[in-house]
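TrEMBL has this to say about the protein:
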type	residues	note
BINDING	C:GLU48, C:ILE321	Mg(2+) binding site
BINDING	C:CYS67, C:CYS70, C:CYS356	Ni(2+) binding site
BINDING	C:CYS70, C:CYS359	Fe cation binding site
DOMAIN	C:124-283	domain 'NADH-quinone oxidoreductase subunit D'
DOMAIN	C:289-362	domain 'NADH-quinone oxidoreductase subunit D'
Amino acid sequence: MKFLYEKDLRQMKYTILTSTKHDETVRAIAERLGMSDAKLRMMLIRRFDMSLLENLESRWQMGQRHANDGDPVAEELGYELFTRFIPLVDTETMQTIYTDTQAMTQEIPFEEAIARGRARIREAILS
Amino acid sequence: MSILQKIKNTVRSRSIHVSYVDVGSCNGCDIEVLACLAPRYDIEQYGIYVHNNPREADVLLVIGSVTPQWVDKLREIWDKIPEPKVAVAIGNCPISGCVYARRGTLTSPPVEKYIPIAAQVPGCPPRPTEILNAILSVAPLIFKDYEEKQP
Amino acid sequence: MKKTVDVSIPLGPMHPCWKEPVRLKCETAGERVLRAEVELGYMKKGIERIMQGRPWQEVMFLAERVCGICSVIHNMVFIETMEKISDIAVPPRAAYLRVVANELDRIASHILANFSYCYTIEHETLAMYLLNTRETVLDNLERLTGSRINTAYMIPGGVRFDLLPEDAAAMLADLREVEEEMKRHVRIFETGPLIALRSKGIGFMSREDAIRAHTVGPTARASGVEDCDLRLHHPTYRELGFTQITRTEGDNFARVMVRFQEVFQSIDLIRKCIDTLPEGPIRGGGFCKAGETSYAGEAPRGELTYTIRTDDYGRVVDIAIRTPSIMNIEACAHAMIKDAASIADVTSTFISSDPCIACNER
């Protein structure tokens with residue numbers, strides 16, 4: 001007799017992400033992060049549970065409406081958006097990326113520092 | 001008929017444990033099964049006790065067309081129910097799939113593919129009285145003289 | 001998701017407290033729940049995929065079968081979206097009758113949710129009282145629409161059946177009875193010392209968490225989120241003078257009490273509707289046209305959004321449904337259950353957010 005009921009959920013999670021609204025949301029998040037949506041989808045399936053995936057659209061909307069850090073660097077990086085609203089990166093990693101980028105803006109131009117910061121966020125998500 | 005069988009018959013006719021499993025419906029039949037608990041219909045006056053534990057159930061009420069997660073699990077639940085047991089399909093969904101048996105669906109009705117069904121209560125959803133009536137009429141057919149009917 | 005501890009206690013998919021199958025995996029340290037994960041897929045019927053490419057006459061009935069408990073509001077929001085797309089006006093009498101049907105459904109749904117909560121904390125007496133009261137409400141829904149659960153009462157440009165004067169009188173008499181009974185039940189719930197021990201201060205959700213997960217309905221209103229009731233913006237409800245009920249505690253007790261208070265409010269709304277029911281036809285006319293729009297209505301559990309694109313023949317080309325349970329279950333699993341003091345509180349907290357898995361997965 002079987003005592004464990006763990007089942008492979010990847011197919012069902014993918015079904016959730018392919019509905020109209022979720023697909024749009026995944027594309028929007030991928031554009032914001034500057035990564036391909038197939039890779040993002042893979043990471044979402046690996047990290048999030050099914051109810052969080054279902055709620056992705058509302059969280060993304062609320063994140064865009066309410067996440068503000070009052071700081072251009074944090075805003076560009078999506079500090080609160082990607083830790084609290086859509087928990088793709090854990091808070092400690094985000095904090096180090098944020099402080100490093102903040103320090104970098106003193107030395108190199110703002111856009112370049114942000115670009116480097118975003119690259120590190122992508123790395124953190126894919127790791 | 002032995003005395004033991006007689007005692008079993010008497011006891012079984014007044015103590016039916018019901019378990020229900022929703023394998024992907026709209027929830028309408030669920031709440032109609034729940035409504036049977038209400039003092040108006042009072043399912044317990046007939047000796048029927050509803051709780052959701054298949055290991056001590058006699059009657060399994062199956063609700064809904066079968067979703068991907070239930071394809072293998074429904075059979076497991078059925079195997080856990082001790083003999084004698086009976087499954088009753090509530091609503092149109094387990095019988096034919098109702099509105100979900102269309103192009104693009106994720107379900108795979110009917111339930112009969114997975115477990116043997118003894119009685120069907122069609123309706124979308126059926127009334128609580130119909131559900132009650134079905135349980136009361138199918139249970140004696142299966143449970144009376146169960147041991148003697150065994151080959 | 002990353003595992004933090006090894007002990008994972010699964011609840012469900014078949015659980016005595018849960019009406020529908022869902023699986024909660026709670027990671028625990030001793031009795032304390034560190035975090036919970038929801039495993040769905042037990043009710044995924046793919047109804048949005050079925051709806052695509054079908055005429056509205058068919059989608060109307062499919063929309064009801066997204067969820068059986070709140071079927072009236074699913075019907076209403078779909079029909080109002082179609083009316084918005086094709087500029088169909090509703091006669092005033094029909095608009096009022098829609099409110100009557102919707103509020104009856106809301107009372108039934110709220111009582112069922114509170115029944116489940118009382119059943120989960122093992123207060124079976126109150127649970128059975130509530131379930132019996134619900135039958136009276138369903139009788140009235142049947143009197144108005146001809147069916148208990150899936151009513152299909154509304155159609156573009158009106159409603160199907162009129163409310164006769166003698167039926168209205170009987171309904172008012174029944175509602176008086178329901179109100180008296182509910183007052184007694186609320187008194188039992190409010191003053192019960194054992195209920196308070198199981199409910200007050202348990203499953204707390206802060207206002208920030210509620211906003212972050214976009215919780216809606218009684219779950220959000222119990223946490224003190226203002227302006228989250230879409231009935232405030234609905235034209236018919238505005239005529240009736242609707243005000244939102246908000247509590248600030250944010251625990252299980254508040255969520256159940258918000259639902260109790262809304263039952264009384266709904267009874268008042270129905271009375272006002274029947275007293276001021278305008279004369280006139282109950283069905284207008286019109287054609288469903290091509291267009292695309294997004295429209296939201298207030299379901300018993302919160303904001304329900306339909307995004308529909310239709311073609312010239314009135315066929316639904318694309319549809320996306322956002323049900324309230326999506327947000328509420330997610331917030332419940334990741335904000336309320338997190339740091340629950342014991343496993344015993346997980347079930348009652350989960351039920352207190354009024355989860356509807358059929359809505360959540362569609």
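The backbone N, Cα and C atoms fix where each Cβ goes, glycine too.
On the structure: features taken from TrEMBL.
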residue : record              : Cβ contacts under 8 Å, 6 or more apart
C:GLU48 : Mg(2+) binding site : C:ILE319, C:ALA320, C:ILE321, C:ARG362
C:CYS67 : Ni(2+) binding site : C:HIS74, C:THR323, C:CYS356, C:ALA358, C:CYS359
C:CYS70 : Ni(2+) binding site : C:ASP105, C:ARG106, C:SER109, C:ALA299, C:PRO300, C:ARG301, C:LEU304, C:CYS356, C:CYS359
Going by a 10 angstroms cut-off between Cβ atoms, which of the binding-site residues C:ILE321, C:CYS356, C:CYS359 has the sparsest surroundings?
C:ILE321
Intermolecular Cβ proximity, binding-site residues C:GLU48, C:CYS67, C:CYS70, C:ILE321 versus chain A, under 8 Å:
C:GLU48
Among the binding-site residues C:CYS67, C:CYS70, C:ILE321, C:CYS356, which sit with their Cβ under 8 Å from a Cβ of chain B?
C:CYS67, C:CYS356
Taking every residue in the domain 'NADH-quinone oxidoreductase subunit D' (C:289-362), what is their average pLDDT?
86
Conformational class of C:CYS359 (Fe cation binding site) under the three-state DSSP mapping:
helix
